[in-house]
Amino acid sequence: MIKKVLQLLIFHLTLAEIVLSGNVVVWPTDGSHWLNIKILLEELVQRNHSVTVLAPSETLFINSRLDAFINFEEIPVSYTKSKIDEIIEHMIALWLDHRPTPLTMWTFYKELGNLLATFYTTNKQMCDGVLNNPTVMERLQKGGFDVLLADPVTMCGELVALKLGIPFVYTLRFSPAFTVERHCGKIPAPISYVPAALSELTDQMSFGERVKNIISYSLQDYIFKTYWGEWNSYYSKVLGRPTTLCETMGKAEIWLMRTYWDFEFPRPYLPNFEFVGGLHCKPAKPLPKEMEEFVQTSGEHGIVVFSLGSMVKNLTDEKANLIASALAQIPQKVLWRYKGKIPDTLGSNTRLFDWIPQNDLLGHPKTRAFITHGGTNGIYEAIYHGIPMVGVPMFADQPDNIAHMKAKGAAVEVNMNTMTSSDLLNALRTVINEPSYKENAMRLSRIHHDQPVKPLDRAVFWIEFVMRHKGAKHLRVAAHDLSWFQYHSLDVIGFLLACVASAILLVAKCCLFIFQKVGKTGKKKKRD
């Protein structure tokens, strides 16, 4: 009996070793994307997996010295950190100056194309630094990796996986108009009720909005096929056979989508798409002593948390003074993450910080509102803790994210370009004083928390699943094996139309033949 128990114990320990000792290689994207995926990597390490990150020699947030729990393979690149900052500043300026409207849409997408061309150049350097570097590739080949975790915003992660002969998993929020998910992942997206990502539309669209939605999808498809299509020749060269970017991306085993139904509008998905939105969220921890003392001085009015994220460093003096003037007029105390010059209009109720523990502040019982730029990470922390928002979106997905929160009744938006002190003040008073905003924020929070598995656990499970089973091919839809005309059943429709046309033609011929026969018979009788 004891022998059997020991054998069973050894068997389970062996299984545990198989599950818990994976070797993961990571192809990341810098910026806020890294801040999100790092939480997932920390959890993988906690579960006894080895994690190696392929990081370029110049980055914004990926720091091998600070993240000692992770192994880093440095990729030599010739661009500098200032080049990355320049691209980000260009992106912010593009959205602020030409935020997509019917009048600015063409200019916006033209400039976006130029920006993508610049991004292509820097991204390609990272690709070459690995794929065309025999020394790095040899080390990776000897690494014994089980799976590659990639953010598809930065190209070539899938190429590294294929060259190493291992499966790969994606982690992403979305691509513009879901181009990658639709064309490469094959998810259906009925344009009648699925708003294109970045369109700032909801699933309740008027006729005019549906027209805008179709235009948004069409423009993003054009950009994807034109600018991102430049990768096709590169991918074909690396793999040594004709292929496309999309065909290669379509080989992803699992797509970990950093969203959930507390954030998204209902729409169809596929079985290899898993929702892990808010995986970085966690219960609030105690605040630093000095910060807690300031929070407690707010009394019954509570506090407002204000952050424009990690990518926006400074504002113009005029804009900073405008904001500070509005904040000075509310009874709440304000904790503002800001590194710029101290505004002349800064009120006694407002304190500036180079950095704030945002999640811990949003989880504080005295927090009444969150002024946010609309980044996904910050919005999910607000959802997690049930805090209503004032959105001041600036670029990329931020306007679209705030549009989602407005539609769900948990946010008010203020336009960064045109806002006045009164606009910001009125928006703050609205979300703080009107109970519906807090109620809707709490409703989203309850939806987020009421899941059978926590988002972080779900993400780890599917990465481990791919390692255990060497992939997840059983979840891959047959759409990947169809041509575009087969996918839309155009061949079948054409065949059926041909059959109908043939039948109509045959009936017409028969009728004509009968009429001719009847006519000849009638003429013959008359002659007789």
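Positions of Cβ are set from backbone N, Cα and C atoms, glycine also.
Summarising the annotation, Swiss-Prot assigns signal peptide to 1-21.
Residues annotated as topological domain 'Extracellular' in Swiss-Prot: 22-494.
The N-linked glycosylation site annotation in Swiss-Prot covers Asn48 (among others). In the three-state DSSP scheme, Asn48 (N-linked glycosylation site) is classed as coil. Around the Cβ of Asn48 (N-linked glycosylation site), 12 further Cβ atoms fall within 10 Å across all displayed protein chains.
The N-linked glycosylation site feature in Swiss-Prot is assigned to Asn314 (among others).
Taken from Swiss-Prot, the feature transmembrane segment covers 495-515, and the record attributes it to sequence analysis. For the transmembrane segment (495-515), the list of distant contacts is empty: no same-chain residue at least six beyond its ends comes Cβ to Cβ under 8 Å.
Taken from Swiss-Prot, the feature topological domain 'Cytoplasmic' covers 516-528. Mean model confidence of the topological domain 'Cytoplasmic' (516-528) amounts to 65 (pLDDT, 0 to 100 scale).
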